[in-house]
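Q: After the structure tokens below, expect a handful of questions from me.
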Amino acid sequence: MKYLSIENELNYSKKRYEFTKEIESIFVKNNYIQIKPSIFEDYDNFIAINKRTPTKSMVKIVSDKILVLRPDITTSIIKSLIPRWEDDLVLKLFYHSTVYKNENKEGIKEIRQFGCEYLGENSIKADLEIVNMSLDILKKFGEKFILEIGNSNYINGLLSELDLKEQEENKLKSLILRKNKIEIKDYIEKFTTRKEIKEIIYNLFNLNGDMEDVILKARELYTNDLMKIGLKELEEISILLKNSEYKKYTNCDLSMVGKFDYYEGIMIKGYYANVYKEILSGGRYDSLTQEFGRRVPAIGFCIDVDGLIKASKK
């Protein structure tokens with residue numbers, strides 16, 4: 001980030017400090033403990049897990065083997081903890097750290113993130129705690145926001161009907177992530193599947209809005225077993241939020257796809273009015289822990305701190 005003067009830089013630094021302290025207080029109040037993640041990731045291991053992450057966006061360091069400056073904090077934390085995991089352990093962790101992205105002409109971009117990980121608790125209680133903390137943080141810094149809630153089981157179940165190769169599925173998910181309706185329709189036409197499946201995919205972005213309404217609408221369409229699991233998990237969250245003061249700040253988005261490949265279940269993205277990208281994102285990622293030797297229940301989210309500061313000014 002560039003500043004016009006030293007005074008501007010110091011004022012912004014003060015603002016960032018104030019914001020991080022506010023966020024930290026919410027985590028501490030919920031009994032989360034701070035952790036410091038590693039800055040380096042093994043390049044080959046990272047891309048094996050996160051196949052849709054563009055390799056050109058990674059900041060590479062060549063030594064005895066190729067390393068990258070941390071593109072994702074969750075992967076770094078899980079890689080460190082899971083090999084030492086003990087039975088019946090439950091951890092509630094938070095971090096304030098930086099991820100790095102190669103922006104080509106603009107050079108290396110540092111993205112400051114605050115986030116949390118809730119490990120070892122496989123229940124709706126953990127899902128709801130993460131959703132509520134997300135809402136607490138978003139509301140702390142403004143009233144005009146929405147938390148969209150999706151479920152990877154629904155979208156994965158739907159795409160399984162196409163019988164795609166891994167590369168084809170990754171391509172389609174990238175198109176869905178970018179909400180590129182025209183390219184999605186053109187791409188789907190290449191594959192042979194039932195018309196009703198194609199119609200759901202063509203109209204996927206219409207499955208967005210009030211949680212109860214969207215779930216009801218989705219159940220009127222074709223669903224397989226995995227899609228039904230996704231809808232059931234969303235319904236459980238919807239029931240618990242029904243009488244909450246936060247209900248008006250939540251939406252359901254069944255087209256939701258994460259930037260990383262490891263989400264498995266509930267997913268969330270937080271937006272402020274007049275801001276084109278999400279400020280907060282996360283979800284359940286039990287499958288990521290399995291990549292490091294042991295399946296452990298895991299859910300969390302991260303916040304783009306600088307994005308949050310900018311959004312609060314609008």
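Placed from the backbone N, Cα and C atoms, the Cβ positions cover glycine too.
No curator has checked TrEMBL annotations; they are predicted automatically.
Per TrEMBL, the features are:
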DOMAIN    14-307  domain 'Class II Histidinyl-tRNA synthetase (HisRS)-like catalytic core'
BINDING   Asp72, Ile73, Thr74, Gln113, Glu117, Tyr262, Tyr263  L-histidine binding site
Q: Could you give the maximum C-alpha to C-alpha distance in Å for the residues Asp72, Ile73, Thr74, Gln113, Glu117, Tyr262, Tyr263 that bind L-histidine per the record?
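A: 19 Å is the greatest Cα spacing among the residues binding L-histidine.
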Q: What count of other C-beta atoms do you get within 10 angstroms of the C-beta of Asp72 (L-histidine binding site), across all chains shown?
A: 22
Q: Other Cβ atoms within 10 Å is the metric here; tell me which of the binding-site residues Tyr262, Tyr263 scores highest.
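A: For the binding-site residues Tyr262, Tyr263, the Cβ with the most other Cβ atoms within 10 Å is Tyr263.
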Q: List, in sequence order, the same-chain residues at least six positions removed whose CB sits under 8 Å from that of Thr74 (L-histidine binding site)?
A: Gly115, Glu117, Phe260, Tyr262, Tyr285, Leu288, Gly300, Cys302
Q: Among all the protein chains here, how many other CB atoms are within 10 A of the CB of Glu117 (L-histidine binding site)?
A: 25
Q: For Ile73 (L-histidine binding site), which residues in the same chain are close in space, meaning a Cβ under 8 Å from its Cβ, but six or more apart along the sequence?
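A: Result: Pro37, Tyr95, Ser97, Val99, Gln113, Gly115, Cys302.
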